[in-house]
Structure formats: C-alpha cells, structure tokens
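Okay, so here's the structure we're looking at.
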Amino acid sequence: MLGTLLLCACLLPVDSLLIPPRNITHALLPSYDYIIVGGGVAGLVVANRLSEDEGVTVLVLEAGELDSSSAAVTVPGLIGHGFPPAYNWNFTTAPQAFLDNNTRDYGQGHVVGGGSILNGAVMTRGSRADYDAWQALGNPGWDWHGLLPYFKKSERFSMEDVPPERAAALHIRPDMSMHGTDGPLQVGYPNFLYNQSTNFLRGLSELGVPLLPDPNAGVGVGAMIVPASIMARNQSRADSRRAYLDPVLHRPNLHLAIQQTVTRILVGSSATSSMAVPRVGKLARAYGVEVILAAGAIISPALLQVSGIGPAALLRELNVSVRVDLPGVGQNLQDHAMVGAFYNYTKPDLFSTSSLTGDSLARAKDEYLTNRTGPWTTPLISTVAFPPLALLLTTPNSTVPTTAAHLLPTLANLTDPSTAKQHLPDSDPSILRGYTAQLRALHRLLNHHRRASPALEIMADSVGTLTLSVQHPLSRGTVRALAADLLLVPAAEPGSGSASAGRMARTIAVDPRYCAHAADCALLVRGLRLNRRVVATRAMQELVPRPGAPWARAGPSPSSLSSSGDGGDDEDEDDEALLLAAVRLHVRTGFHASGSTSMLPRDRGGVVGPRLVVYGTRNLRVVDAGVMPLVVGAHVQAAVYAVAEKVGAPRVLPDGFGADVSFRRRR
C-alpha cells in the first residue's frame, strides 16, 4: 500500500483574492489534515463538510480564480450567452473517428465553483434504477436508498416562486419527502416561463409520454418542468461557491489557495521524492496523509497517470515510474452525446428569447434588476422530456429497414463479451470484464425498466431548438496524459484563458469516442424522428414550426411539418442516411464527462472502491464525476453534490490516519 503523499503545485505569479502565490509560504498553515485538489462542486462540498470539525484543517488548491459575479454567470436568463474564457479549461477532443474525423470543443470549469458556475443550472437526479445499477456493479451503499439522504442534505428546495395555479397548469407537484429544505444549495423554479413550455408538454402528452410531477423522486421517464439551481429570493444562479464556500470562509481551519495548478502527486515516504520541475512559476510541495482529487473526470485521471498510478504501458511511454499498475485510470470515459436540431417557431407575435432585443431587452433587464421577475429569471432550458426506449423504437408508417431494426438485436446482445470487445479502445481483460458488466446493467436499464430509466433527453428552448442527448451511452472514451509534465507546452495565446489552463489543455488527450458503439448514433437518429412526431402534434403546430433540412422530412416540402395523424414522420432510406449524416456532423459534448476513474472492482477495471480510495493506496481518494461507473440519465450536477455529501459525511471519509502536511517553496 502506498501511504505518504506529496503534492507538487505550480504556483503561477498571479494575484489571488485569498492566498496569492507570493504569500504562499507564510499565509498557509504549517500542516493540513486534508488537501483537496480542485475547488469545483465536489471539492467545495467535501471541504465544507470536513471543516465543520474544528479539530481538522483543510486546504483546497484550485487552478482557477474566483468569478467576478458578472451577469453572464449570475443571471439565469443569460445562460448560454457565453462566459469569460478564463473560466474554461478550453479542452479540445481528439478527432472523432466514428463521427466526421473532426475535433470538438470540450468545455470544463476552470474557476472556483467549477461547472456549477457555467452550467445550465438544471437539477435532475435521474432514476432510482440508475443508482441501483451502481450498487449492482459492486458498490454496496451506492444505490438510490444509500444516496437519497445526501441528495436531500445538499438542497434547500423551495416552491416559493410557483403560484398554485401555475404549478397545477404545469403539473408541478413535488414530493416533499424526497427533498431537503435546509441544505446549502437553493433549488427551485424560475419566476417566469415561456408559453412554449406548455405547448411542448401538451405535445408529449399527445404521444403518450407521462408528465412527471416531480422529476427527482426516483422515476426518470416523462416530460416535465425541471427545477434549477437558482436562489428563490433574488432569482440568480445558485452555485457551489456561494452555497458551500462563501458562508464558511470565516472558518480558521479552512484555506483556499486559488490559481494553484497541481501538477503531480508524489507517492512515497521520503520528502526528497523525485519530481519534474515545471517550466513556469514557483514550485511548492505539500505533504499529507489524506489527499482528495476533485479535479473532474478529465484532470483527475491525468494527475494520477503522471503520478505513477495508471496503465503501466502508458506510464512507461511517459517515462513515469510505475507506482500502481491500474489499467482503468483514464478508461471508461462517458458523456451525454448531444445534437441540437432547430424547428424554427414562426407564430406571429410569439415571445421568446429572440424577442429580447432593443427596448424589449432593456425592459427585461430593468424588470429583473428592479423586481427579480420576468424573462431574465428563467434559464435557457426549463422544459425537458426523458423518453423511454420503447417510444423511440415506435416507427409509424415505416416501409424500409431503419435504425430501429438494428437497435433491437444490438440491445438484446449487449451481454456478449465478444461483441463488447470490438467497441473498446483497450483490450486489457479487466477493462473488458468491467465493460461487459456495465452492458448487462444497461441492458436491464433500457429494456426492463422502461418507465424508470430513459434512453434520451429532449431539451426544449423557446425559439424552436429541440436538443437531444443520449442518456445511457454504450460508447467509451479515454483520457490520457501526453507528457509527464502537464505544463510542458508553451503558454497559451493571449485571450485564450489562463496560462495554466492553456498548457494543461494541450497535454491531456481527451477522446470521448462518440458513437464508437453505433447504437448511440442510432438512438440519436431515432430521437430526431421522435422530434418530428413531437413537432407534428396539435399542441406544437400552434407555434407554426418551419424547420429546414435535415430536421424536416425529406420530400417536396422539407421546410414544414404538419399534423397528419400519422405521427408526422414517414421513413425512407434516403432520409435515414441524411439524418445519420447530420448526427455525425452535429454531435457535441453534453458537458457531463464521467466514469474515467470508475468506482468498480479492481478486476473490472475499477480505479476506486466504494470508499473512493484509489486501489493500491491508503489515503488517496477521488471524489468527482469520474467515479460514476455509469453516467446517470440526468444532468449530473445533482449526483455530484450527493456523491460529495456522502463522502464528506464524518462516518464515511476519515480513516484515522495521522496528519503530516507541509508546504514549502522551491527556489
């Protein structure tokens, strides 16, 4: 077992609001009990809970800065309008071989609060079956029952801004026994919703999709208005910094050092352990017996790899000494592959986000700043549907073989190991065993729990975009360090974000391998066909949609859809090919990277066990979305809050090791 841990941080010479690098030697305590790498959602939750004990000391090292509370971050109505580049790691994927061989931008939070500063603020937990599958994969205590107390502990749920008549009209009836009301994170509903939300819900009802009164009560399939991480009283974004950090910064036992890029964990018992010296900045070391990696599903596995924990062949390639041969580090990467399709609502005088220009924008801004009401209170996405696989496989008026015909046998044969192997980037036997076990679990989720676990999500905005994402992807990607020194490459160009972010984004290879399993692209094609059926319903026709190719049906009038009573989608072979080509061109990240440091048995490619301790170590943990063995069928922030709350609980994390954490500057 590897014990004593040493952190190597590159301290860039940029002023910090809390502990600037120039003060690093005298501002920090001589020792800390816990060092947390990453001040995003998971890192701040764990830091808050651990520092509740006045007898322990906690240091959080975060590569990003404190956000400036600008409107682009705090105003829900401005979500999706961009954010400062300095808050983004600015990763780019490898060319996507199973799509169009082009790269994709791959945004990850580079700021205190992490993704909760940048995301769409949607708070969905997923289905009970998603978490039961985690436990079935070898993780006792990680089922729905084991996590529900921590979902509740994290949130302060409120219906304050939802009048009873509006709640009834939109089918919002939360089961309060499933929610917390005194947690740190405020969760609720926006003050304002566009009328198009009602059309979308009515349209799904016409197709037999149930309306969920509470999407967070364990049933994941249906259509709904989603709760959001927003503050009820002032209708602004609620994020992990403002929920878990700001209220406890007075604690003398909690320190946050920002703009501190951790470049390596040095494993061993000697303070003279060898280390690579970064080419920029000042260097410091922190010694500790409890280190918690919470840097996210991209950076956490890369840090393990350059620290000698990972696939032995890769480590030798990097000229890194092998401390723990752990094939699963950087494998099993999952994401919700996403495609946005535009159906162009053209109803005269329709009020939407496109209407917010000139005087209308000025009025919306004034209403928000004065009363905290109006269209600026609603996030980009408030209305979604999670359809079951059965609905996607319904093919009205189909006269030719379609993706559905191929999907059924594919999904029926998910448990065949010989089939599984061809979809993996790595042939290590433990990775294959783990993937085969996951496929069995996915088979049960998609086929046996049709009312409990969705195949896709449809996100509806106010202008006519219906964005699809695969909720239980079969494809698996990879994360791998490209150099032993994660700050090896030249500094980023001006305007591309911070220097450390630019460097690290180019020394970590991210390959989601979207549609490496063809069923994922096939599901997205089925989703586009379902979109057509939704848009063809009577309720949605009231919005006068006028989609263009390829989103409209192929034929004499591809620019329109009408409700003909036949489901709105006659299938033909040429159209099928066009939709598949569109999917391959338009797939993007759903911003839900997960699984790359999976909580699985070691002989199934796992990286951490149920206590989230890295195999082969005693006191090194990973606590972020990377530990999810299967990405949940939901927006992942609610799950990350719950995972971190569970680990931060006093009876879960501390193991009784002594503390010996020192921090020194390298001259």
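Cβ coordinates come from backbone N, Cα and C, glycine included.
All annotation found in TrEMBL is predicted automatically rather than curated by experts.
As annotated by TrEMBL, active site, proton donor applies to His592. The Cβ of His592 (active site, proton donor) lies under 8 Å from the Cβ of Gln334, Asp335, His336, Ala625, Val631, His635, Val636, each on the same chain and at least six residues away in sequence.
Sequence annotations record features per position, and here TrEMBL assigns active site, proton acceptor to His635. Taking all protein chains in view, 27 other C-beta atoms sit within 10 angstroms of the C-beta of His635 (active site, proton acceptor).
A C-beta separation below 8 Å, combined with a sequence spacing of at least six in one chain, links Ala121 (FAD binding site) to Pro76, Ile79, Ala228, Ser229, Ile230, Arg237, Ala238, Pro379. Taken from TrEMBL, the feature FAD binding site covers Val111, Asn119, Gly120, Ala121, Val122, Val262.
Sequence annotations record features per position, and here TrEMBL assigns region 'Disordered' to 546-573.
The annotation signal peptide is assigned in TrEMBL to 1-16.
Counting only same-chain residues six or more apart in sequence, the Cβ atoms lying under 8 angstroms from the Cβ of Val111 (FAD binding site) belong to Gly64, Glu65, Leu66, Asp67, Ala86, Tyr87, Ile117, Leu118.
In sequence order, Phe591, His635, Gln637 are the residues of the chain that are 6 or more apart from Asn119 (FAD binding site) and have a CB within less than 8 Å of its CB. Listed in sequence order, Ile79, Gly80, Pro379, Leu380, Ile381, His635 are the same-chain residues at least 6 apart in sequence whose CB falls under 8 Å from the CB of Gly120 (FAD binding site).
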